[in-house]
């Protein structure tokens, strides 16, 4: 079994079960301010899980690119990944627990698909509490498929209940599926909750059955949904009998190239192996971010900062391997080779990716020089031979200077470092980052409010108004919406004049005053394009798409949600117009209630 074969088998299986294959979305979620990147397969489907009608139907399957940033500093072990793919299938009210479980069981055990013996399967279900009953329904389905009671674990909400995000909203029990790896039990009490590695979690089926209200009451949903997820890389490692995802075809071409560049052999020395794993993970994530349709570049903010950090961390660990020259662009071909059959954007943008990596690599070499100069300046003013932890952390956080390099310089110049002090500051930083990472993983559902919906509609008016004032070359490059404001990035090479800004505001406010209706249609993508519907440049779309028309003014391919009439918006006001990156301008705007 290979990475490509597993991906194809999953898609083909669910298509045979009448699921419609939808395209995976951009790594950067559209109009979701709570997240930097899509971190789970369900995130792009949140509006549909909440009740929006999906243009492709109510039984869906796809592969979603995901990127998690909360554990970047832990990457380097055998399991943590920054970029990964999530296989997922969904029912938006079409079926529920029984059919979901039976599909999962068939895919796992059928000789045509994964061919895992059913006597190696273990499952967990929700044990119930004073608010939600025990999930005997799912357990009985598993029993009917031949899973004995002693291999069905009833676990608490911490293990087998999803949501809600925040204090209220959709939620429900889940069933997790495990495979016995054949390893010896770590103790007499070893079970599926143990982290010893005997039981591998291969799949999770979430049953969105309840709505929790503001008073903490759980009410049965009329439209129950299923959301399942299987990590592609972890599953292929299990199927190939590997102890680590890095030993699979998802990483080995990159690792082989790093071996060639560094002269090190993977598997001979753990310190070197860790460096190789970090570089392999980070270069893959960086390539996918740069290839993404969202147009992210290395910077000191948001997604750009994550990209910059991945690149610079790769360079730091390459230095530990003895690589002293530019090398990142040399790894791009290996990443593209792994994914070319499924992600053609890596092939199409390969030269661009190499150029951006080389540019950022050169910048970091200059940063290292500047960091060393700052180190010398700081140590001249110290009254002792110990560098305080806050100073070492400042070099790391403000100047992007890795701690290990500070340590090397300290040794060279005859200084010690208050490492415990540095670790204290670093842990605070990590805690903050992890909170952000948790928010990224669980976010989305919390922010589909009336205020953000109004601002989303306003971005459509803004997009069209910009084209009318500046020209048809204006194309959306990204947006970010909070309950307070919208941020809209668009293609335009010059700073807007005050007169242009005023004209755009006037056009938008006129459409609001005219009380235009907002209508949704579902049509084939080709038809939408023939009608002149605007779409995100570089984004991949399914054959059937949702198109929102603002009565005679704007027509856009969009997943929603939107208000029903522009008269709901209030007064539109541009607060700031500035450069986002080369050739890209950014507008921040608000709606003022009248």
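Placement of Cβ uses the backbone N, Cα and C atoms for every residue, glycine included.
As the structure is a computational prediction, the values presented were derived from the model and not from experiment.
Quick look at what Swiss-Prot lists:
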BINDING   456, 460, 558, 562  Zn(2+) binding site
- Query: Other residues with Cβ within 8 Å of the Cβ centroid of 456, 460, 558, 562 at the Zn(2+) site?
  - Reply: 457, 459, 518, 548, 556, 560, 561
- Give the three-state DSSP assignment (helix, strand or coil) for residue 562 (Zn(2+) binding site). coil
- Query: If you count Cβ atoms within 10 Å of the Cβ of residue 456 (Zn(2+) binding site), leaving out that atom itself, what do you get?
  - Reply: 22
- Task: Taking the Cβ of residue 460 (Zn(2+) binding site) as the reference point, list residues of the same chain whose Cβ is under 8 angstroms away and which are at least six residues distant in sequence.
- Result: 548, 550, 554, 556, 558, 562
- Task: Count the other Cβ atoms sitting within 10 Å of the Cβ of residue 558 (Zn(2+) binding site), across every protein chain shown.
- Result: 22
- Message: Let's check the environment of residue 562 (Zn(2+) binding site): how many other CB atoms sit within 10 Å of its CB?
- Response: 23
